[in-house]
Amino acid sequence: MSEVTTAEFNEEGKYLRKIRSFVLREGRLTKGQAQAIETQWPTMGLDYSPTPLNLTEVFGREADTVLEIGFGMGASLVQMAQEAPEQNFIGIEVHKPGVGSCLSDAAAAGVTNLRVYHHDAMEVLEHAIADGSLARVQLFFPDPWHKKRHHKRRIVQAEFAELIRRKLKIGGVFHMATDWENYSEHMLEVMNAANGYKNQSADGTVVPRPDHRPLTKFEARGHRLGHGVWDLMFERIA
């Protein structure tokens, strides 16, 4: 589980912009992670710039692009990129060891359709991703901020849902997953109130885990212990 931003929101769900809304979490790198950053960053790393990426230039082709916010150590993201070579993948993570681990795994797997940001997710989304350019946005297991007084810090808020909607193509999907039932209820409430989305669940609640989201070791262990995971998928329709 990785916290993608230290941004806070007010009671109405409005993002409280700060001059510096995050601190890049350096952490302690293993030799392998440090080496992966040094050797793989020139080809897979994306240096933040407040101008929209040209995805065709970045990937050298036209293809649907999937963006993941807060990929943790990156194992699932690398697996997804490996299993869908016809798609482009962009990952955003503030935790440097996670970035190093992701790059190491991607290099070992021979993945060429993955690019990575070591930066604040909100800044990347607002300034570096063009509107209407993404086929899917993924937010898996974000910090649940389970204490009620901290709920306003949850990343899924009204303004965030609108930001994601703008970045998706018509027909693009915002896919969320959480192992906190209360957060899934919060996500559902926010997304049902958001304009321009349609819930892909037949009964208007959650969906079964789709094939494109790998089952993590943590999640498999949770299943054996009877813990739940909730997936929500909302399509941009306007």
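Every residue gets a Cβ built from N, Cα and C, even glycine.
Summary of the site annotation: Swiss-Prot records S-adenosyl-L-methionine binding at E68, D120, D143. Screening the candidates E86, E93, E162 against this entry identifies E93 as the one listed for that site.
Cα-Cα distance from F218 (substrate binding site) to D120 (S-adenosyl-L-methionine binding site): 25 Å (rounded to the nearest whole number).
Taking the C-alpha positions, the distance from E93 (S-adenosyl-L-methionine binding site) to T216 (substrate binding site) comes to 18 Å. Counted over all residue pairs in E68, E93, D120, D143, the record's binders of S-adenosyl-L-methionine, the longest Cα to Cα distance measures 15 angstrom.
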